[in-house]
Structure formats: structure tokens, C-alpha cells
Amino acid sequence: MGQQLSWEEAEAAGEMDVAELQEWYKKFVVECPSGTLFMHEFKRFFKVTGNEEASQYVESMFRAFDKNGDNTIDFLEYVAALNLVLRGSLEHKLKWTFKIYDKDRNGCIDRLELLDIVEAIYKLKKACRAELDLEHQGQLLTPEEVVDRIFLLVDENGDGQLSLTEFIEGARRDKWVMKMLQMDINPGCWITQQRRRSAMF
């Protein structure tokens, strides 16, 4: 009890090692000598200029990464966010995803907030058509149908809003809900492509 993990155990658990952290820092300093990353730079790194759907998704990601709400991402916020997205536990990813959906930061997700993100994710996934085809052989639901079904399965008190507890428990309880939410938790094809194209990553 209370023992610290060795580097090998930390790596096995999916945590970053010092060499990886140093590499990320070097890239961050080269791209952001001021020590902060602004929205327009964040979009540039993800190659979303001129792509409205991707831009909307990346703006939501930026707001979730910007923990202190100062409209910039510093190195610690950047590392924490990327480590979470790429390696975090399911519960941590769900909490982070909830923040992306909760645009007005009122602690609940309404239908419009959920629909906005689901629509953006659907459009992003079209860039990874092979992934969509593999995931959704057969009938593909519309974003509106996805939102209706999620609310039917997850909104336990029927108030038209999803609390963090409803969001997490609903995802854990229902495999379909989890799969739909994982479209945001881990947009694997898209985020991997963007990381490879970007000098930042």
C-alpha cells in the first residue's frame, strides 16, 4: 500500500514515460514558444481550417482541454488531455467526454448539445469511411435517432437532460450506448490521422 509504481509498471499501465514527456515538451515549445496554445493554433495542428464539422469538434475538444477557462491550453493541460484521450481509464474518458458534450458547462447535457456533437462526429467519421462501414454494417441511424435512443435509454428521471451520473451509468449499463459514446471517446481513425500529419504530435 502507498508504494509508487516503477517506470516499467507505469508504462504497462499506460502512463507516459519521461522520454515521451520530454519529446512532447520539445515539440510544444517549438510550436508554442509563448508557452500557451490558442484556439487558432489548436485548429491548425489538427488541420481543420475550412472544415466546419471538424472545426466544431476541435473547438469542443479545446474547451474541454482548457481546464482553467482562460481560452488557452498550457503544456500541463495539453499533456493531461492527450494522455487522457489516448490512454485514460474508461471512467475518466467518460467524464472528459461529458465535458465536451456539455457546451454551456451547466452540469447537464440537453438534446441539442448531444445532437450537435453526434452530428459533428458523424461528419468526421465520414472521413474514415472504411471505419464507418466496418462499425455499422447494416442500417446506420441518423444523428437524431441516435440522440433519441440515448435519451430513451439513459435519461432515467425523464427531465430531458443527462446528468454526469446518468451519462456514466448509462454507458456502463448499455453496450449500444457505450458504442455510440465511444464515437467521441476515441475517434480512433480521425485523431490518429491528425496526429500523424501534425508536427505538434
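Note: Cβ is positioned from N, Cα and C throughout, glycine not excepted.
According to Swiss-Prot:
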type    : residues                               : note
LIPID   : Gly2                                   : N-myristoyl glycine
DOMAIN  : 14-31                                  : domain 'EF-hand 1'
DOMAIN  : 34-52                                  : domain 'EF-hand 2'
DOMAIN  : 53-88                                  : domain 'EF-hand 3'
BINDING : Asp66, Asn68, Asp70, Thr72, Glu77      : Ca(2+) 1 binding site
DOMAIN  : 89-124                                 : domain 'EF-hand 4'
BINDING : Asp102, Asp104, Asn106, Cys108, Glu113 : Ca(2+) 2 binding site
DOMAIN  : 142-177                                : domain 'EF-hand 5'
BINDING : Asp155, Asn157, Asp159, Gln161, Glu166 : Ca(2+) 3 binding site
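Averaged across the domain 'EF-hand 3' (53-88), pLDDT in this predicted model comes to 80.
In the domain 'EF-hand 4' (89-124), the DSSP tally of helix, strand and coil residues is 26 helix, 3 strand, 7 coil. The binding-site residues listed here are Asp102, Glu166; among them, Asp102 has the most other Cβ atoms within 10 Å of its own Cβ. Cα spacing between Asn106 (Ca(2+) 2 binding site) and Asp155 (Ca(2+) 3 binding site): 16 Å, rounded to the nearest whole number.
When the domain 'EF-hand 3' (53-88) is classified with DSSP, helix, strand and coil residues number 26 helix, 2 strand, 8 coil. Comparing CA positions across the binding-site residues Cys108, Glu113, Asp155, Asp159, Gln161, the one lying closest to Asn68 (Ca(2+) 1 binding site) turns out to be Cys108.
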